[in-house]
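According to TrEMBL, the features are:
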{"type": "SIGNAL", "residues": "1-19", "note": "signal peptide"}
{"type": "TRANSMEM", "residues": "595-620", "note": "transmembrane segment"}
{"type": "DOMAIN", "residues": "595-858", "note": "domain 'G-protein coupled receptors family 3 profile'"}
{"type": "TRANSMEM", "residues": "632-653", "note": "transmembrane segment"}
{"type": "TRANSMEM", "residues": "665-687", "note": "transmembrane segment"}
{"type": "TRANSMEM", "residues": "708-727", "note": "transmembrane segment"}
{"type": "TRANSMEM", "residues": "752-774", "note": "transmembrane segment"}
{"type": "TRANSMEM", "residues": "786-808", "note": "transmembrane segment"}
{"type": "TRANSMEM", "residues": "814-836", "note": "transmembrane segment"}
{"type": "REGION", "residues": "874-917", "note": "region 'Disordered'"}
{"type": "COMPBIAS", "residues": "882-897", "note": "compositional bias 'Low complexity'"}
Amino acid sequence: MKLVLYYLILLGSSYVISTYGPHQRAQMTGDILLGGLFPIHFGVSSKDQDLAARPESTQCVRFNFRGFRWLQAMIFAIDEINNSSTLLPNITLGYRIFDTCNTVSKALEATLSFVAQNKIDSLNLDEFCNCTDHIPATIAVVGAAGSAVSTAVANLLGLFYIPQISYASSSRLLSNKNQYKSFMRTIPTDEYQATAMADIIEHFEWNWVIAVASDDDYGRPGIEKFEKEMEERDICIHLNELISQYFEDYEIQALTDRIENSTAKVIVVFASGPDIEPLIKEMVRRNITDRIWLASEAWAGSSLIAKPEYLDVVAGTIGFALKAGRIPGFREFLQQVQPKKDSHNEFVREFWEETFNCYLEDSQRLQESDSTSFRPLCTGEEDITSVETPYLDYTHLRISYNVYVAVYSIAQALQDILTCTPGHGLFANNSCADIKKMEAWQVLKQLRHLNYTNSMGEKMHFDENADLAANYTIINWHRSAEDGSVVFEEVGYYNMHAKRGAKLFIDKMKILWNGYSSEVPFSNCSEDCEPGTRKGIIDSMPTCCFECTECSDGEYSNHRDASVCTKCPNNSWSNGNHTFCFLKEIEFLSWTEPFGIALAICAVVGVVLTAFAMAVFVRFRNTPIVKATNRELSYALLFSLICCFSSSLVFIGEPQDWTCRLRQPAFGISFVLCISCILVKTNRVLLVFEAKIPTSLHRKWWGLNLQFLLVFLCTFVQVMICVVWLYNAPPSSYRNHDIDEIIFITCNEGSVMALGFLIGYTCLLAAICFFFAFKSRKLPENFTEAKFITFSMLIFFIVWISFIPAYFSTYGKFVSAVEVIAILASSFGMLACIFFNKVYIILFKPSRNTIEEVRCSTAAHAFKVAAKATLKHSTASRKKSNSIGGSSASTPSSSISLKTNGNDCDPTSGKHKPRVSFGSGTVTLSLSFEESRRSSLM
């Protein structure tokens, strides 16, 4: 029973080997067999299978010269290894290479052949048959090219742990070792390519692009990673489209319509050459030539697209190419290919026919051809160097070099197994694999630990994701001046292992945009904002679409396309165009500006005039007027006025902490001292004149000591207010940055309440003084000039009532100016009203500065008081008599008139005769005062 079972398996397996799998292949026997998967054709013919008969295998179409060159690179590497005396001596490598036709179905068909052969070997049927034509198991596979194809192959090979090394599949999904256990590659992953593309777009300051990706496992993951990178850089993708070589015409036309109508000028493409070709053809047909293409490595050097007839559309393409390698002797090997010599390679015949556009004898295609596609016969000995095909384009070996590296990596892993020392192996108990009986999983293990230096001196090792480290070369598609063909000009590189910011290098001078221009194209949703403006958001539009908004005052932007405006420092302000900041002008009430000079001059004039008045009073201190005005208090009053004028000078100049702490107390104390002197003097005179008989008690009570004590007490209250203020909240210098273009240096008063108390107390004393002055306004003018004191207090009130709203409504240096004006105005008012009249009389009217004048004015005032009293008494008596005599009694009217003139006061006689008339009579009163009495009043 067991024997029958093995026989059936052998029979079935033999049938699979003989009938299953592509018929066209390149094959050579050897001790160890390597598999190969290459896109010898770009695709398969589209044929509907109605299943009316047995389905036929689809036919591959459109020969791929570059794919055939990649196959030749594998054969060349194997031949080179077989001829080497150091690498795998006495061991011959064989190969079985199939055409994937760039499709998953054809690739899986070939892969099943590899798997089936390995399954037969695992059954160990040698004891049941003598298999002389036995084909050894495939221990590794080189391929495939496209990521979508490699994904399908990797899923199948991974089940049997057959190592697969791809030379062109860059999808980042293949780095998942949990899903693709045996997949490896010699090409960088798209993880880096997507980042590199985003870096290029950022480098050229584009923010509005179109993304096109193939609808497979290569394009979708690549564009997904690209989208994330663009989001991190705030770059927008206007269109995100999928494409395939199998799209219908209407789908291609609809996609082209969307691209043509888009304002984005840069098209990023993650696709292979066959997938993108239908779109390029349609754009060539429509003559859409104003687009810049950013090509992934899958089509950056594709011979399908890099054709002269497409250059009007694709010229200027920026593409990513793998680092070029050097394969010594490969050029000669490519040139030696001939159908008669390479019988083991069935693809050579088709290559020859496509190269020379002919048919070889006994060609199956000759029998299938019709008259419309007639080709001449080939001899098979034509000169391959006489024609130009992508097959002989060995100037930049990129994918071919990756194939070469893949084969040598497998050979080096086999060499490590061959030279393994027992006890130092990678397998259980540090054992080594047997090169003659090894299995595919053992080769996979050895490949994962591979670390060697190739013949070019490059270190080769696979990382944790089984990827081989590599870098990109950036190429630009130029038009050849000689024959109009495509020239791939190297314009930069991308080093994925460099530091951020140093990975990308592009020589802009070498780039030709659209094949002729050196100016970088514009691909932004909105025009760049000029310096002095910023990007403004537009509702319902992507962030890359914006309107340019002028920076606000105090902000600036000094470069194009600024996202935000930068706020100027506190000591700066933006210019009119908002492109830079200039230092603000610093302002304060300066000594050098005209306004400050004028105020200072007024203050100095006030000091001088006050000092002059004091000098006059001192010089004429024994004259009656000076004595009559209480000269000691007058001296104190004049001194306080000097202090008032001087305190205004502290408000001028750059405010410092000490000046801020000094000026308000100096002003407040000076004014309180001044008003206190006026208050005491005015009240004293009022009390003396209103007293019926000035007694010794009045003289004692209003002596000089008590007068100065009252002045001191009134001033002391103001001093205490200032002390409390300076202790709790002292004023300080303050720079006010709130005003545009100007920094005002002012004083921060510390406490507005304290300032209110200071001014309020001063106004309170002024109000009391005004009350007393008003009551004494009719006293002898030459004695106290109470009317002028009343006027001075009115001026004081008008000034300081106006000061309060002016103080709080102004700012900057004008705050100090308002207060200086208030101080000067009130000081000049008191000086002029109280002292100018006296100084005028002393200096220019000395005749009025005599004892007789004082007596006359005093007597007149006394007589007026007596007359009023008499009149009041007489009126009261008549009212009483009238009430007794009855209401019928008649009372004659009488008139009272007071007449005085200069002749009634004779200064020479010393007699004063005021006259009072009652009706028709005249009464003459003679008043006499002792000298001692007058002296006491003075």
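Glycine is treated like the rest: Cβ placed from N, Cα and C.
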The transmembrane segment (786-808) touching the transmembrane segment (632-653) per 3+ Cβ pairs under 8 Å rule: no
Integer average pLDDT (0 to 100) for the domain 'G-protein coupled receptors family 3 profile' (595-858): 78
Same-chain residues at least 6 beyond the ends of the transmembrane segment (595-620) whose Cβ lies under 8 Å from its Cβ atoms: 589, 626, 631, 634-635, 638-639, 641-642, 644-646, 648-649, 652-653, 817, 820-821, 824, 827-828, 831, 835-836, 838-839, 842-843, 849
Cβ-Cβ under 8 Å with the transmembrane segment (752-774): same-chain residues at least 6 beyond its ends: 664-665, 668, 671-672, 675-676, 678-679, 682-683, 686, 714, 717-718, 721-722, 724-725, 728-729, 786, 789-790, 793-794, 796-797, 800, 803-804
Long-range Cβ neighbours of the transmembrane segment (708-727) (under 8 Å; 6 or more residues past either end): 632-633, 636, 661, 664-665, 668-669, 672-673, 675-677, 679-680, 750-751, 754-755, 757-758, 761-762, 765
Long-range Cβ neighbours of the transmembrane segment (786-808) (under 8 Å; 6 or more residues past either end): 675, 678, 682, 685, 759, 762-763, 766-767, 769-770, 773-774, 776-779, 815, 818-819, 822, 825-826, 829-830, 832-834, 837
